[in-house]
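**Q** To start, I am sharing the structure in question, which I have written as structure tokens.
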């Protein structure tokens with residue numbers, strides 16, 4: 001079998017696009033990362049002294065004398081709480097929790113509605129093969145929350161980096177998906193006797209074990225240089241190449257379709273909204289109930305729309321969207337006009353707004369925005385999105401959706417770090433639980449729904465996604481963070497404080513993979529209840545031990 005010219009051109013397009021993505025991520029990250037980020041925190045960290053103060057007023061006075069405890073984000077949440085809600089502490093804490101939920105929503109919604117849409121359109125424009133697009137662009141879209149949370153966690157100033165949050169988030173998310181999600185799928189499909197493809201399962205488990213082993217060596221060694229970080233990140237390219245060669249020459253995954261997976265990802269909506277009617281015969285009472293339900297549903301949608309408008313409108317006016325379903329010329333013109341302005345605001349976030357450099361950046365952003373807006377007005381139609389020069393629109397949507405994902409992840413990590421100081425909980429345990437669960441809830445809903453309602457093929461794709469996603473998060477998301485940090489201190493090595501408890505979590509993760517491997521092979525690759533219950537027990541045991549250890553530290 002020989003390669004056709006179209007295959008060679010597709011390969012060139014794929015390589016070009018991946019290089020573009022890597023360059024954008026590295027450039028974006030290098031402008032924000034601090035070279036001191038991976039220095040271990042000292043025992044004399046000023047923020048730890050907050051626990052010695054017992055009232056809001058004294059804590060507020062102390063916070064004014066030190067640098068912000070969470071260097072990420074635009075809001076100092078500790079000062080906001082202790083200096084403004086001393087008379088209503090419960091109200092202040094409730095508002096922080098509501099804002100935490102809103103940030104999870106923004107991060108997940110931006111990834112699914114904008115980031116994934118841009119990646120899917122780019123994959124079609126570049127004519128990438130479905131298999132390669134599935135293990136690269138689809139994984140990038142699904143893993144976007146983890147990717148940006150990991151990038152943000154490796155930022156910091158004055159040795160207050162939160163890399164322990166990033167590491168625990170990746171490990172916690174991987175454990176949740178490979179144990180809880182796979183366990184629930186196995187229990188739900190125990191009576192159907194669904195068989196998993198042996199070669200794909202062995203490939204994914206072996207690569208994931210290699211990724212975990214490499215991460216364990218980094219943690220034990222305690223430091224890594226630029227070339228080591230680049231080699232760790234490059235393991236994902238080896239995985240992608242192996243999947244592509246398996247599909248190209250072995251026929252594996254020949255029916256995998258990227259578009260069908262995206263459609264499956266929204267199956268929860270019709271399931272929740274399904275109304276069963278008997279042969280179309282509806283009596284008057286039922287018709288009245290249906291009308292009342294529709295009216296209540298309309299009012300509920302209006303309430304949700306009003307509540308989400310403040311976090312929806314800024315993204316809609318700064319992220320270019322060129323899909324047929326969502327095309328609107330006024331919003332498209334507005335997005336290309338305001339996007340450079342937003343980028344200039346972010347670029348000047350650490351500068352004095354009255355400095356000469358800041359004014360030049362603001363003037364440049366506004367000028368570029370006006371020019372792009374005029375071009376969009378003259379080259380687009382009101383009825384349909386542009387057909388020519390589509391790549392700049394998609395690239396702009398990709399960059400701006402990545403920017404918004406980064407902003408929301410930045411605030412999310414800062415808020416979680418602040419909540420750790422407020423309640424005396426280690427930020428690492430919050431990353432292992434709250435942040436990992438928040439980023440993985442989409443995988444739970446999508447993969448379980450796909451497995452239950454898309455037959456044997458859906459179950460195969462769902463289980464494969466439960467391993468391909470963590471492989472991406474471990475090797476690429478975490479790897480690109482290490483590469484960015486190591487580049488800042490090149491040729492020196494970055495120091496990573498060894499955490500024995502994180503190694504314990506990695507050990508439990510390997511135990512879960514070995515359990516799945518042994519049970520599946522003993523059951524002829526059939527999913528069953530024994531496998532699912534065992535995975536849930538392993539995850540609960542790992543989580544319980546970490547929580548007990550954290551509680552013990554507080555006393």
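Yeah, the Cβs are placed from backbone N, Cα and C, and that goes for glycine too.
Quick paste from TrEMBL:
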- 97-244: domain 'Sodium/calcium exchanger membrane region' (DOMAIN)
- 394-547: domain 'Sodium/calcium exchanger membrane region' (DOMAIN)
- 12-33: transmembrane segment (TRANSMEM)
- 88-107: transmembrane segment (TRANSMEM)
- 128-145: transmembrane segment (TRANSMEM)
- 165-189: transmembrane segment (TRANSMEM)
- 201-221: transmembrane segment (TRANSMEM)
- 227-247: transmembrane segment (TRANSMEM)
- 327-348: transmembrane segment (TRANSMEM)
- 360-377: transmembrane segment (TRANSMEM)
- 389-407: transmembrane segment (TRANSMEM)
- 419-438: transmembrane segment (TRANSMEM)
- 471-490: transmembrane segment (TRANSMEM)
- 527-548: transmembrane segment (TRANSMEM)
**Q** List, by number or range, the same-chain residues at least 6 past the transmembrane segment (360-377) whose CB is under 8 A from its CB atoms?
**A** 332-334, 336-341, 343-345, 347-348, 351
**Q** In the same chain, who gets a Cβ under 8 Å from the transmembrane segment (201-221) while lying at least 6 residues past its ends?
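**A** That would be 167, 174, 178, 228, 232, 235, 239, 242-243, 246, 463-464, 467-468, 470-471, 474-475, 478, 482, 496, 498-499, 502-503, 506, 509-510, 513, 516-517, 520, 525.
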**Q** In the same chain, which residue numbers or ranges, 6 or more beyond the ends of the transmembrane segment (88-107), come under 8 angstroms Cβ to Cβ?
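**A** Distal contacts: 56, 77, 80-81, 145, 148-149, 308, 311, 315, 404-405, 408-409, 411-412, 415-416, 418-419, 422, 434, 438-439.
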**Q** Hey, which bits of the same chain come close to the transmembrane segment (165-189), Cβ under 8 Å, at least six residues off its ends?
**A** 146, 149-154, 208, 219, 413, 416-417, 427-433, 435-437, 439-440, 443-444, 447-448, 451-452, 459, 462-463, 466-467, 469-470, 473-474, 477-478, 481, 496, 499, 502, 505-506, 508-509, 512-513, 516, 527-529, 531-536, 538-539, 542
**Q** Determine which residues of the chain contact the transmembrane segment (527-548) at the Cβ level, with the cut-off under 8 Å and only residues 6 or more beyond its ends counted.
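**A** Counting only partners 6 or more residues beyond its ends, the transmembrane segment (527-548) has Cβ contacts under 8 Å with 175-176, 178-180, 182-190, 192, 194-196, 429, 432-433, 459, 463, 501, 504-505, 508-509, 511-512, 515-516, 519-520.
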